[in-house]
Amino acid sequence: MGSPGMVLGLLVQIWALQEASSLSVQQGPNLLQVRQGSQATLVCQVDQATAWERLRVKWTKDGAILCQPYITNGSLSLGVCGPQGRLSWQAPSHLTLQLDPVSLNHSGAYVCWAAVEIPELEEAEGNITRLFVDPDDPTQNRNRIASFPGFLFVLLGVGSMGVAAIVWGAWFWGRRSCQQRDSGNSPGNAFYSNVLYRPRGAPKKSEDCSGEGKDQRGQSIYSTSFPQPAPRQPHLASRPCPSPRPCPSPRPGHPVSMVRVSPRPSPTQQPRPKGFPKVGEE
């Protein structure tokens with residue numbers, strides 16, 4: 001048998017070989033927060049001291065397997081991993097999971113796992129990457145808040161223009177109404193004019209009061225009104241004047257000529273023609 005020192009040295013060499021051929025997995029980032037509809041990238045780094053021919057990898061979310069492809073001679077056997085997930089391998093040791101676009105269902109804890117099957121079976125698991133998906137975009141919210149004063153300014157401008165238009169319309173309507181009243185178009189501002197018509201020629205002296213009444217009845221009255229005609233008074237026929245008083249004169253204010261009429265002669269006394277002397281006179 002060998003000495004105890006030789007046995008101890010052999011054990012140390014075997015342990016060193018085992019450590020040199022061990023498999024390690026590092027995962028990042030530990031925490032990732034993105035907005036809904038954007039892109040999320042998770043990285044898994046697989047390290048092994050010795051060369052390997054076949055590597056099996058696996059991604060899980062909250063303990064559920066998303067995908068489990070193989071890597072042989074630097075190529076992936078599967079490029080899809082879960083909903084909206086794509087895998088890519090970059091030699092010698094980088095495995096990337098890309099989620100595009102992310103939704104609220106992508107929030108959770110992601111773990112990368114790797115195993116070497118040839119030449120010997122070895123397994124390793126990475127740390128946890130926690131993914132949080134925000135339903136709203138803080139940047140868009142800030143943009144909405146920043147644009148809100150501008151929107152208020154636009155509303156204020158439109159409201160001012162509307163008020164100005166209403167005031168101008170009221171002023172124009174009032175001015176037009178005043179002009180119509182000043183021009184006499186208002187029903188309360190009517191002008192009336194009475195014209196008394198008298199036929200040419202003076203009446204004969206032999207005509208009695210009844211004849212004058214006929215002349216008065218023959219007189220015409222013209223009335224002009226703007227815009228409404230003046231109400232016409234009922235025409236009153238002149239009554240014959242008793243002898244020997246003359247007929248009453250028309251109302252003052254009307255240019256009517258007055259004719260003096262002598263009393264009506266008796267039946268025995270006939271009117272004498274003008275220009276002949278009386279009996280006994282020469």
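Placement of Cβ uses the backbone N, Cα and C atoms for every residue, glycine included.
Swiss-Prot records a disulfide bond between Cys44 and Cys112, which is the match among Cys81, Cys112, Cys178. Candidates Ser103, Ser206, Ser220 were compared with Swiss-Prot; the annotation phosphoserine appears at Ser220.
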